Amino acid sequence: MRTLWQHCHVATMAEGRYSAIEDAAIVTSAGLIEWIGPRAELAPVEADRTVDLGGAWVTPGLIDCHTHAVFGGNRSGEFEQRLQGVSYAEIAAQGGGIASTVRATRAASEDELFASARQRVQALMRDGVTTIEIKSGYGLDLANERKMLRVARRLADELPLAVRATCLAAHALPPEYAGRADDYIAHICDEMLPALAAEGLVDAVDAFCEHLAFSPAQVERLFIKARALGLPVKLHAEQLSSLHGSSLAARYQALSADHLEFMTEEDAIAMAKAGTVAVLLPGAFYFLRETQLPPMDALRRHGVKIALASDLNPGTSPGLSLRLMLNMGCTCFRMTPEEALAGVTVHAATALGLGDSHGSLEVGKVADFVAWQIERPADLAYWLGGDLPKRVVRKGHEISN
């Protein structure tokens, strides 16, 4: 069906800028953008449907390119403990932290995980999200990592949403491998990853490169295996210290390196040369009350593409609003509203390997967009919370009004 969408203004986000078109029109057909531009330049078109957008601003559908949306349990009790002065180490010694989420995730059925994840993902969708990445990493064995990734695939099947599934088995050491990180990495490489990839459950491979997780050498073994399986890689890097994980990610042409508060200028140069996207996660920065800012000037100076994401997870960023992350990117990390919007559209798409099909409003790309009743695009980063009036369009079909 061919649809004409008109009486709108468009922030196309092509090349990471607003690239605004006022008094615009969009023609969609077969789920793709067939034409976009000033309405005055549109030749007569035979449309099956014409939609008046009432002067709305249209942006690409928002993309949350880093989430841990599938998990069992709840860690709000730990939040209370931390605010009362209990340290993370003390909480972990009590069996809390990521270990508690692993236990709860392992104990939950696939249906239970699906039901809880669906609620969280639908909250993000209400913010205009049309594409999401979901990581595993709370199962830490083959059966439970498979269970998490199957839930990610089910969410894609049952919701009007594009989902990319990332295997993050190298998130933490499972209790059965305590003190044997090398053995666990070997288990992932030799058994878990080949099996999950063969089942079609994995779009990318991620790891947590940090003193309390896995070393650069261990991560590199995982990257070599991912490359052999034809899978792109991503990396949690430089969140708490500098191990130059982001440079390692760049050497393997990673889609992205994420967090990056402690990255160096040399890391930024390596990422720029490799085309690796910097995914910033202000929700975790805020929730953990961190003080080390990502090196924004170095990222800009060397032309690294910068994305933003929710990092939705139960321990360090229980954030259900990607629009809130736009504001946090501006207020915490000193991004401009234009940079922030690019970070949840065109650059987020690149961070998922979807840059050719998603993230900007251009002819031939997927017709995922949101029509917002706002005065200017910066409003999306300005307003804190609330449900801005909007229409959400996925593959040319309206899914929310």
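Every residue, even glycine, has its Cβ placed from backbone N, Cα and C.
Keep in mind that this is a model prediction, so the values were computed, not measured.
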Pick the one from Tyr138, Tyr177 that Swiss-Prot also lists for the N-formimidoyl-L-glutamate site with Asn313, Gly315.
Tyr138
Please pick, from Thr3, Thr12, Thr316, the residue that Swiss-Prot records in the 4-imidazolone-5-propanoate site together with Arg75, Tyr138, His171, Gln239.
Thr316
His66, His68, His236 bind Zn(2+) in Swiss-Prot, but which of Asp141, Asp157, Asp311 does that record place at the same site?
Asp311
Quick check: of the binding-site residues listed here (His66, His68, His236), which one has the Cα closest to that of Thr316 (4-imidazolone-5-propanoate binding site)?
His68
Which ones in the same chain are close to His171 (4-imidazolone-5-propanoate binding site), with CB under 8 Å and 6+ residues apart in sequence?
Ile98, Lys135, Ser136, Gly137, Tyr138, Leu140, Asp206, Ala207, Phe208, Ala213
Measuring Cα to Cα, how many Å separate Gln239 (4-imidazolone-5-propanoate binding site) from Gly315 (N-formimidoyl-L-glutamate binding site)?
15
Within 10 Å of Gly315 (N-formimidoyl-L-glutamate binding site) (Cα-Cα), which of the binding-site residues His66, Arg75, His236?
Arg75
